[in-house]
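Trainee: Quick one: this structure, given as structure tokens, is what I'll be asking you about.
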Amino acid sequence: MSDDEIDMLPDLNSVMPHATTPHRPNELLRQAVTHGRPPPIPSSNGIVSGKRREMSELPWSDFFDDKREVNIDGDVFNVYLKGDEGPIFYLLHGGGYSGLTWACFAKELCTLVTCRVIAPDLRGHGDTRCADEHDLSKETQIKDISAIFNKVYGDTDESVCIVGHSMGGALAVHTLNAKAISAKVAALIVIDVVEGSAMEALGGMVHFLHSRPSSFDSVEKAIRWCLSSGTAKNPMAARVSMPSQIREVSESEYTWRIDLTTTEQYWKGWFEGLSREFLGCAVPKLLVLAGVDRLDKDLTIGQMQGKFQTCVLPKVGHCVQEDSPEKLADEIGRFACRHRIAQPNLKFSPLASPPDPAILQYERRHHQ
């Protein structure tokens, strides 16, 4: 079954069963209106090698060092923290997710390089509580992102690497361009969001959101659906992240933490002009993708001009940091060490890894 994402963007790397051609211009729209439907009951009923797969919730403390509430003008933002020295990796999640989407990745990254991690639940998400839960405008969220950082780190002298996934990737770009972070931003990493693909997919987002299950009987059933539907490929990531994406509304009834359809007026603002702004950021940039056929015209030209580095991770869905946290941490760790932003820990060699075959194939096809 194709990957089914909770985020505003569908899995841009999945292939519809009847699609056979290498280029599918309407693929995003088809995915947008078909993702999220309750999957058929798995034939194994969750039993793997004679044992029922564990679907219980994993605690945040297995992955982060601290969970802190940050009060900003009466709004209380929930923030996960890890590490106590080194550069700061500021992790911004996508729409519908939470700071716990970074749990497995943060734990892995901190074993590879000496660093600190901050992963907030953005407005309307996770355990964050705001007077206006539905104002997800670009401008409001930039202010939130800036205020959260200043409350936690103040006037730090440490370098900052802003990392964002999907909606969070767009916000990372906008935040950097707005110079909203008072500290020195040393690098920008954007995960699986490209303006052209995102704008194309917006037309089917409302249908996509309505086609998901409206509620679950338990947290365990939500986690099981997350995995069996392909929303997440990594059981550990699903067990720590999925519970933060739902909330209990009554006994034995859980629904989505945020109704993203109420934020539709802001979607276009997240992604419009994103490619131009990304290319204009005057710091080392890494664009991580889950498929090679994603770059729009501006980004293709920018890549040919060497304005940013591209990394394609194989066998992952849209939520790269959950599906392949080890590989993503390895790529970002190497990127940070190469640009002298972070220092490698023992047993981690930041030497360049061999070129990804997918990248080589993409370059042969598009750069001739």
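One is the number of the first residue shown, and numbering goes on along the chain from there.
Even glycines carry a Cβ here, placed using N, Cα and C.
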Trainee: Which is it, of 1-22, 45-66, 133-154, 243-264, that TrEMBL names as region 'Disordered'?
Mentor: 1-22
Trainee: Near His318 (active site), how many other Cβ atoms are within 10 Å of its Cβ?
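Mentor: There are 29 of them.
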Trainee: Summarise the model confidence on the domain 'AB hydrolase-1' (91-330) as a single mean pLDDT, whole number.
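Mentor: Mean model confidence (pLDDT) across the domain 'AB hydrolase-1' (91-330) is 94.
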Trainee: Express the distance between the Cα positions of Asp192 (active site) and Ser166 (active site) as a whole number of Å.
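Mentor: So the Cα of Ser166 (active site) lies 6 Å away from that of Asp192 (active site).
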